[in-house]
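The next block holds one structure in the form of structure tokens; read it before the comments.
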Amino acid sequence: MWTSACSCRGIPRLQSSLVSLNNYYSALLHSQSSNPSKSRNTQLMRNPPPKVINLEDTLKVFDEMLHRCHLPSVVRFNQILGPLVKLKHYSEVIYSYKQMGLLGIVLNIYSLAIIINCYCHLNKMGFSLSVLGKFFKCGLEPDVTTLNTLINGFLLADRVTEATAIFSKMVEGGYCKPDVCTFNTLTKGLCIKGNNSGALQLLRKMEQFGDCKPDLVAYSTIIDSLCKDTLIVDAFNLLSEMITKGIAPDIITYNSLIHGVCRLGQWKEATRLLNEMVSRNIFPNLYTFNILVDSLCKEGMVVEAKSVVEIMIQRDIEPDTVTYNSLMDGYCLRGEMDEAREVFDLMVSKGSMVDAQSYNILMNGYCKHKKIDEAVTLFQEMSRKGLIPDTVIYNTLMNGFCKLGRIQDAQKLFFRMQAYGQFPDVVSYAVLLDGLCKSQQLDMAINLLKEMEGKKLDPDIVIYNIFMDYFCKAGKVEAARDLFCGLSSKGLHPDVKTYTIMISGFCNSGLISGAEKLLREMEEKGCLPSYVTYNTIVRALIHNNEMSRAMELIHQMVERGFCADASTMELIVDLLSQDKVDPALLPLIKQSF
DNA sequence: CTAGGGTTAG
């Protein structure tokens, strides 16, 4: 199906990267042959195997310890509960400590730090702070670790003011000086906000801060953030800098870089990085493979992704929920729902954790391909299995109903989710608003918008896109344009969809020059047109008989790896049959298939 | 026995 956005983008890249992809497999296999799992000599070269602990076993041991006549010391409890935090079993850890408290076990500074960290990750800073109060009640002094944990919690909750307040106290107070960890936590906070330059500045400041030399984590944090913003060149420059300073990259640094290049479809570069890391005796781990599988799937290359899964199994790396979820999503994207279902069933039969996200991916796939009944069945099934449908799941299902025009069913779900204690977010409102607008119920939509604002949920660019789209399609381009012009005063930036909606609006109102102006503007602002943008404007140009300009843009879009969609292609084929297309452009158009 | 960096969904 060359009409789908994904395969359209995937095809040209696939052709140009098939050769490098072969090298890529051999790089993965090579790392296996140089590292046979059965050989004892090379065993030492592997990354240290992760400790296998699970919730069930730990809780069994915990219960046993709790029922001994002579209670073990609090240290023993910390030793077994601490690792559960890394497995993200926050609520269970908190519950366990509560049980200990009931038996009169006195907690120490380590226990309290663990509990605070759990509340931080559950986004319950209020509870974190009350645990801090407990510190003082017990005559314990919080240390650097405790404060770093709190800073991290505030940053994760987007409460920057409180985070920096703690940092300032540490700097001024002097009794608890910030350390590398403090700085790295703040660096991460800046990265989350997309402030790479701020993060780099902090890195430089750190060097001036006594014995706080930036370490591997400091550099890796920023490298990852640069990669996420597709600033690959800057990321590699920072990598060179850290190596020059004698800090060697590790598996996490490489995973960030590999993810960065894969996201851009640079398979050849990914291959080079894989070879480079293996030559440094760093071997791809579960994260690495999951990144590869997911990136291939997102490019529509599920067959290749499946081969990578085979390779990881050969290498004794067991695919996990993340691996299967990515693969499932890859099939869903291509509309291969039977294959997606097969992966889901495989997960169930292998006893892998099927989580809410697994359900969501499959449900979303069914919804996108108009199989709402299958999605509803899954929804009922997950509830039966004790998995609580969260806001994301409800949004998916509501979206499924809205796209079928069944707004009332979506609204029923909207009420139901609140009755079951799930809070609608901006996405929930966006889904319903779009549904209402598309079914010409503007009054209802505006009421809902008011309700949303009453709940202190700020409309984002998606919400504005929905209304702009409504106005454009209703032939009220002026109203859409007013919204568009007001965006910056609301602190919102137009995205590709915003521009495409407006361009389409202008085109349909015969204002092609306005559309062309916007096309230039988006390029200037660094917002690259998508294949939808191109097709919209190309179609309009053809209808307007501006053939040479249309061909110019077709040329540009093919150059950028996009292809014409079905309706544009239909137009072109039609023109071809009427001999209205310059034969010199034929090879170009063919390429577009 | 506590803190900081890497993977998946709407």
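Every residue, even glycine, has its Cβ placed from backbone N, Cα and C.
The average pLDDT computed over the repeat 'PPR' (A:143-177) stands at 93. The repeat 'PPR' annotation in TrEMBL covers A:143-177 (among others).
Among the features that TrEMBL reports, repeat 'PPR' is placed at A:179-213 (among others). Long-range Cβ contacts of the repeat 'PPR' (A:179-213) within its own chain (Cβ-Cβ under 8 Å, at least 6 residues beyond either end) map to 144-145, 147-148, 151-152, 155-156, 160, 163, 167, 170, 219, 221-222, 224-226, 229, 231, 234.
Annotation source TrEMBL lists repeat 'PPR' at A:215-249 (among others). Residues 180, 183-184, 187-188, 191, 194, 196, 199-200, 203, 206, 256-257, 259-261, 263-264, 266, 277, 280, 282 of the same chain sit 6 or more residues outside the repeat 'PPR' (A:215-249) yet have a Cβ under 8 Å from a Cβ within it.
Per TrEMBL, repeat 'PPR' is recorded for A:250-284 (among others).
Annotated repeat 'PPR' per TrEMBL: A:285-319 (among others), in sequence order.
Positions annotated as repeat 'PPR' by TrEMBL: A:320-354 (among others).
Summarising the annotation, TrEMBL assigns repeat 'PPR' to A:355-389 (among others). For the repeat 'PPR' (A:355-389), same-chain residues at least 6 beyond its ends with a Cβ under 8 Å from one of its own Cβ atoms are 321, 324-325, 328-329, 331-333, 335, 337, 340-341, 344, 347, 396-397, 399-401, 403-404, 406, 417, 420, 422.
Taking Cβ pairs closer than 8 Å, the repeat 'PPR' (A:390-424) reaches residues 356-357, 359-360, 363-364, 366-368, 370, 372, 375-376, 379, 382, 431-432, 434-436, 438-439, 441 in its own chain, all 6 or more past its ends. Per TrEMBL, repeat 'PPR' is recorded for A:390-424 (among others).
Residues of the same chain lying 6 or more positions beyond the ends of the repeat 'PPR' (A:425-459) and with a Cβ under 8 Å from any Cβ of it are 391-392, 394-395, 398-399, 401-403, 405, 407, 410-411, 414, 417, 466-467, 469-470. Here TrEMBL flags A:425-459 (among others) as repeat 'PPR'.
With helix defined as DSSP H, G or I and strand as E or B, the repeat 'PPR' (A:460-494) counts 26 helix, 0 strand, 9 coil. Per TrEMBL, the feature repeat 'PPR' maps to A:460-494 (among others).
What TrEMBL lists as repeat 'PPR' is A:495-529 (among others).
The helix, strand and coil residue counts that DSSP assigns across the repeat 'PPR' (A:530-564) are 26 helix, 0 strand, 9 coil. Residues or ranges marked as repeat 'PPR' by TrEMBL: A:530-564 (among others).
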Counts by DSSP class (helix H/G/I, strand E/B, coil) across the repeat 'PPR' (A:285-319): 26 helix, 0 strand, 9 coil
